[in-house]
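See below for the structure under consideration.
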Amino acid sequence: MMISRVLVADLPRHVGGHVRVAGWVHRRRRLKSVTFLVIRDRTGLAQVVLTEPGGPPEETVVEVEGLVTVNPQAPGGLELTGPSVGLLSEPAEPPPFDLYRPTVQATLPTVLDNAAVALRHPRLKEAFTVAAASVAGFRSALDGLGFTETQTPKIVSSATESGANVFGIDYFGKRAFLAQSPQFYKQALTGVFERVYEIGPVFRAEPHDTARHLAQYTSLDAELGFIDDHHDVMAVLREAIAGMAAAVPSAEVVVPEEIPEIHFAAAQELIARLSGEDPRGEPDLAPAHERLLSDWARREHGSEFLFVTGYPMAKRPFYTHPDPERPEYSNSFDLLFRGLELVTGGQRLHRHADYVAALAARGESAEPYRDYLAVFAHGMPPHGGFALGLERWTARLLGLPNVRQATLFPRDLHRLTP
């Protein structure tokens, strides 16, 4: 009768017993009279001692039966002795770079070109373990706040946002697009569930070739009804971020009970004072200015997070609610984290007439948005929401310089494979 498989992490419970482990040959070290194999499974590494020369090459899939023996010099302080080794795959070809080395000794293009194998490296795999935990934390936090998770179409008949940054596709002979966001759907669903969230891909045909942009990324979206203004949305976002941070305790991220906040106009004045540059009149913040503001928040408030509120209406989408007291500014915000824009959100318009007027003020027809606007004629509560980029969060959390390092099989201006 075959022995049940034991995971590497559970070996300490089997000291002195015979077990069967299965995984990949992480490393093979051949000495004069002995060969050491390090076996890797999803939970860790285990050393196997072979008294015969040889052994399968690295990345071959094997199963090993042996005696669990204490050895303080071995990975995890244990090893398998007196083993029998069986192959579960053909002997593997050499990987594109050594996966057993503690650090990744390959360029980013090499890693991305060979992602299916390269991601087996424990350091590279870590980013996606962190991402998965973060998503679980986000989901748990919003579930606890009475939100309903939704799934909405990614093939749409019109652009979600104004502009040309959409991917057009042929949809049974009709013109269609890949969704830039679930924005229209999540707003409509506040009329059904009051509070909704979605975790899924979004697509941006923006020709940016930077370390912070992707053509497809994972967006963590939320929308909630019956708000007073954007500060209610910011409060929910704070809880979501705290849930994500708590799910990755090794990152040691502190989310303040009250995340510091600065109005866009005040932020521009601060930038002018600190940098000598005068960005006043610009409708958005430059990346260098986001870094400067984050440094200021860390110094003055001891916070790695900073809300910038009140962006100019000219910069925000037509569905954004203006500030009633300063209508040239919006009831919207960005959340900066360690020098990078992580989240965009705000209060939305909720009256049909306001949407028609907002589109007319921008010289746009309401006709392309007919289906979207129809719901607002049937009673919608004051509402707002936000969208958070998962890959940016993970990259900032782990100190990765390029968002592609936190992306499984990234799609960007140049990359469509693997």
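Glycine too: its Cβ is placed from the backbone N, Cα and C atoms.
Note: TrEMBL annotation is automatic and uncurated.
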In TrEMBL, which of 43-46, 87-90, 183-186, 231-234 is tagged region 'Aspartate'? 183-186
Listed co-binder of ATP (same site as R204, A205, E206, R212, H213, L214, G389, L390, E391, R392, source TrEMBL) among E258, E261, E269, E341: E341
Using a Cβ-Cβ cut-off of under 8 Å, list the residues of the same chain that are 6+ residues beyond the ends of the region 'Aspartate' (183-186) and lie near it. 150, 152-153, 156, 160-161, 196-198, 221-223, 317, 319, 372, 385, 387
Overall pLDDT for the region 'Aspartate' (183-186), taken as the rounded mean: 96
Most crowded position, judged by CB atoms within 10 A, among E206, H213, T344, R348, L390 as binding-site residues: R348
R204, A205, E206, R212, H213, L214, E341, G389, L390, E391, R392 bind ATP per the record; greatest CA separation between any two, in Å, is 19
Intrachain C-beta neighbours of E341 (ATP binding site), sequence separation six or more, cut-off 8 angstroms: L285, E290, D334, L335, R392
C-alpha spacing of P75 (site 'Important for tRNA non-discrimination') relative to E206 (ATP binding site), in angstrom: 46
Which three-state DSSP class does R348 (L-aspartate binding site) fall into? strand
